[in-house]
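The feature active site, proton donor is assigned by TrEMBL to 303. If you look up TrEMBL, you'll see 119, 276, 280 marked as Zn(2+) binding site.
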């Protein structure tokens, strides 16, 4: 099978982002856990989601709309009141990432941006949604409760519709490894799609945490989707001075003050912090443009390193290949290759 190389020339790296538990064990995936839709998918009907943006603090409304095969996921800024799709539309792709400080921001050549896409992208990827128009009423996706749970619920309410076009995946052929001080990200060959993540915070509430799992829709919904974003109370004023976290509250984030969790209800999981980092990684890696087949390992990694590992992968033509999930998928190879490698 021929592979079309992605053109990422001229793309500069984006900026960086910023209680001990028993590490989860990983098992060889069963046939069921490796089962992926053989054909592309979209939603059965449109669904609306509304909430506040975490960093801008503005009310935001999303409409998730079904899309045709080979569309991919497109964010559309409907507040711009323009029919010029080069202005309003932003592809959900790794090479459209323009900022990674505290969240993942996508942008297009006209300067239009949409921020905090990672929680929605994680839900779409885990639920197996390939094609979607995401109409957004402003510059930021709503944070909801700081997790992906509301997005998973909306996807399930809308339903998933199979399309006639075969699905392709990106198989990792050789290790791609990036290190930045104590931070590390690796993409490795493997079956299915698994993530292993380690964090280490100099705070007794978090400490060292590890989590490893094969990612599928059921596991994501039950074990990861409800893990919330988190931060430290002492950093709140600094973030506000940077124009960030204007919409942040105990309703949409786990907030730590010294040795205590400020949220009255406490944690949803004893290792909620590392689970949220895995959730973020699922969303950031979904910007590859197709499902990944392989293993991701992150050590203290954030949005910036998640994006850089994808850029490094696609800069190495011998490190990956498109593979057909059905025999007919050969026919759809050029369409997906063109979609993910277009300027």
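Heads up, the Cβ atoms here are built off N, Cα and C, so glycines get one too.
What TrEMBL annotates, mapped onto the structure for a quick look.
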| residue | record | Cβ within 10 Å |
| --- | --- | --- |
| 119 | Zn(2+) binding site | 31 |
| 276 | Zn(2+) binding site | 27 |
| 280 | Zn(2+) binding site | 26 |
| 303 | active site, proton donor | 25 |
Checklist outcome for this item: CA pair residue 280 (Zn(2+) binding site) / the residue listed as 'active site, proton donor', Å rounded to integer, equals 7
Item to check | Cα-Cα distance linking residue 303 (active site, proton donor) and residue 276 (Zn(2+) binding site), given in Å to the nearest integer | outcome: 12
Checklist entry - In angstrom units, rounded to an integer, how far apart are the Cα atoms of the residue listed as 'active site, proton donor' and residue 119 (Zn(2+) binding site)? => result 12
Item to check | Additional residues surrounding Zn(2+), by Cβ distance to the 119, 276, 280 centre under 8 Å | outcome: 118, 122, 146, 147, 148, 227, 229, 277, 278, 279, 283
Checklist outcome for this item: Under a three-state DSSP reduction, the secondary structure at the residue listed as 'active site, proton donor' is helix
